There are 2 protein chains.
Amino acid sequence: MAKKASSRLEWRINVPDGTSKVLEPESGAVGKIWVGLKGCMGIIVLKVWRVLENAWHIGVADPRKVIHCIKVGLALSIVSLFYYMRPLYDDFGGNAMWAVMTVVVVFEYTVGATFYKCINRVIATFLAGALGVGIHLVAEQSGDQLKPIILGISVFLFASAATFSRFIPSVKARFDYGAMIFILTFSLVSVSGYRVVELFELAHQRLSTIAIGTSLCILVTMLFCPVWAGCELHHLIHQNMEKLADSLDGCVTEYFKENGSEKDLNKKMQGYKCVLNSKAAEESMANFARWEPTHGRFNFRHPWKQYLKIGASLRNCAYCIETLNSCISSEIQAPPCLRKHFSNKCMKASSYSINVLKELVITIVKMKKSSNIDVKVAEMNFAVEELVGALKSLPTTHFIATTTGEESTKAKAEGVEGSEHPSPIMKVLPLVKVVSMMVEIATRIGGVVNAVEELARLAEFKAAKDGKPKQNQPTDKLVADH
Amino acid sequence: MAKKASSRLEWRINVPDGTSKVLEPESGAVGKIWVGLKGCMGIIVLKVWRVLENAWHIGVADPRKVIHCIKVGLALSIVSLFYYMRPLYDDFGGNAMWAVMTVVVVFEYTVGATFYKCINRVIATFLAGALGVGIHLVAEQSGDQLKPIILGISVFLFASAATFSRFIPSVKARFDYGAMIFILTFSLVSVSGYRVVELFELAHQRLSTIAIGTSLCILVTMLFCPVWAGCELHHLIHQNMEKLADSLDGCVTEYFKENGSEKDLNKKMQGYKCVLNSKAAEESMANFARWEPTHGRFNFRHPWKQYLKIGASLRNCAYCIETLNSCISSEIQAPPCLRKHFSNKCMKASSYSINVLKELVITIVKMKKSSNIDVKVAEMNFAVEELVGALKSLPTTHFIATTTGEESTKAKAEGVEGSEHPSPIMKVLPLVKVVSMMVEIATRIGGVVNAVEELARLAEFKAAKDGKPKQNQPTDKLVADH
């Protein structure tokens, strides 16, 4: 009996007066159901709690999301006001609902996305409405029997064609929502049993309510803390660049560290993973950004597509850093003395590569041409060449040493990795991998530099003031002329 | 004058009787506008033509997309029929429009996406409707003055909360559309000026029309050539695996080829790029797949999430193949004699790796546990070890040879790469890179094998009939027992 009791779950309450009370489970089926229900409730409460906790973290991490929610609430409340003010309601009647609907489906997080949906919705509604009225006119001419057939066939044809257009990538990128609204409006108009005169009235009401809804959305989204898709893309690109620089720094430091503070480094090293996975976000933002009007430092025709190219070149680098990372975490490592030999040169090459990336970050953040990017690229290339040079000179210093046995006795004295007598090439292999990855990364950073320079050309970045912009060229020319 | 005429555009028509006729541009402003208009028209026609050509290629490449469009047209035509049959229209009046609207917004390419939207729409409409009616009841109790305030505040609060929930990843993945429909319905109900009795009528009508729309969509999408998101995901994963195998094959063949048919290989080699970019597609398909009922060989609770893990491990491989690819296209290459030395071993390792991938493809396609995957993995590992062994033994055969000058005279005799006297390590460097990438790829293929085996366990794949399934384990056990 004691055993049975102990295997039961006890619900104990500590009452404030110091005594404690055991809640005895109710006996029989009712009790079991009660316990089961309590369990279920517990799980549900726990899940809801986790979601809430998650939501809290999201809100704290990016307060603009909270602001967006308030903006949606605000826009809906304002559009509701139209209803409570009777005159408008009496004008539009039940169709005033379209204004609410427009606000709900059109209001998006970024200004660009809202514009995209608004413009698509207005144009598609207008086009489909006009076409629908036209076909109604034709159908009415052809008698009562043919009318449903003509209408049915036209709905079938136009809906199929518009649906297919959504599969074409160029249409999908710009007019996906418009195609859907086109089908919707066209079907509604064709199907409505009204006569053409009533139809004009309906079309007028629908267009006006949609106009009210869209203009309200655009006002609210642009006036209260606007989130511009273009700015977000701009921010994402230079943030990714910084993350890449940090990852590279983290990887190389981790590899050549003597005794490390691992936790900080590990977090830093994982930054490249964001870069690997940001393609979809970049593309959707670039799509929305081109709908945005001139804002801040960005014109209407800012070359957003070039950002995608920079993103692609960054991902190219990230692939290499991923491989570099796997070199670092591999079990077989080069002997410490060899690592020390390369440590300086590798750190130098990586720090110059990071300098180039950081300079590019500054170029993008300030939107000004860098005056000394060429110098930094040259420094990086020089450091990489030095590194390759060190690798070239390795055989004379180490291979021969190894084959004559010096190295192995040294390793034995240190008590590391010497016991297995790995062949000399296996000893340098991990280092060779790291070095060759460093070289490859530097090459790919060159690709990023080109992409950013192309952006500077397309977006007509101004030259930075602090440097001496392009003084070399005229001098060279002068020299050449004389 | 002659000069001026020659600088003009000429429109010449070849008339069938052999004479040709120059179309003289009309003089003055009208002529210029006409030419300008013709130019504009030409550009527009060209653009439309290109879009149509593009559409044609898309249709030919995947006829199911054309079928989808026909299905959408069909569903809309059927729902229109309800209108022409007066009884239904008289029942629902203007609200019958909701059925059309439901079909337009809910009908998606895959069955899973359609289910997701249907279920979300129905549940969200029901919940929001019930909540809206409840709040209407409360608001009505508190008098005419307070009513709009209570309704306004409730719209603001619920809309903001629902909008925020769309930022939570777990909610976004499953209930994004539901949250939007919730806001929509709740606002519409709150805002409608009806009394509660009328509201019940409205709610009933809206729910029935939505039920008609959704059930029609589900019927059409499932009965006519259904496209299952689950099947698509399954297909995508094993297709990507094949592409990876082909890329690996292409890369290694390209590297060690003596004189190659490049065009075919190049296309084959680029397959890994699809793998790199398929993350978003995989995730959305996995999201939709879990809404699908049992179909074909897939249960309702098929472990779709595991497919994402397989996808991730495939991408892991693809990163390495990307690096391997860049090794191959780099300018500095190992001398031919060295390449020949490694050619066999490398080809062997790659072909065994490809065998493993192909076996995994068969496992996934047939959904049966492979009986000899262990053997193939062992073969791959053995081949890789051999390759590493060859690398280990390299210094004694080549480094020493180089330092004593044998190799350089040989290279001179061949007339290749010998002129620059590259240091020995630089000669082997490209090969070392390729070999180490091969080793890394084999390791990562091991990760794919684990992910696929986990899938086989979770989805309870049956053992293949042709092999001798798991005969080793019992034998081992017997040996251990005795």
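Cβ coordinates are placed from backbone N, Cα and C, and glycine is handled just like the others.
TrEMBL annotations:
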type     : residues  : note
TRANSMEM : B:66-84   : transmembrane segment
TRANSMEM : B:96-115  : transmembrane segment
TRANSMEM : B:122-139 : transmembrane segment
TRANSMEM : B:145-165 : transmembrane segment
TRANSMEM : B:177-197 : transmembrane segment
TRANSMEM : B:209-231 : transmembrane segment
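The transmembrane segment (B:96-115) shares the most Cβ pairs under 8 Å with B:209-231, out of the stretches B:66-84, B:122-139, B:145-165, B:177-197, B:209-231. At the 8 Å Cβ cutoff, the transmembrane segment (B:177-197) and the transmembrane segment (B:66-84) share fewer than 3 close pairs (sequence separation 6 or more) and do not count as touching. The stretches the transmembrane segment (B:66-84) and the transmembrane segment (B:145-165) are not in mutual contact, being linked by fewer than three Cβ pairs under 8 Å (pairs 6 or more apart in sequence). Panel annotation: around the transmembrane segment (B:122-139), residues 146-147, 150-151, 154, 158, 175, 177-186, 188-190, 196, 199-200, 203, 206-207, 210-211, 214 of the same chain, lying at least six beyond its termini, place a Cβ under 8 Å from a Cβ of the stretch.
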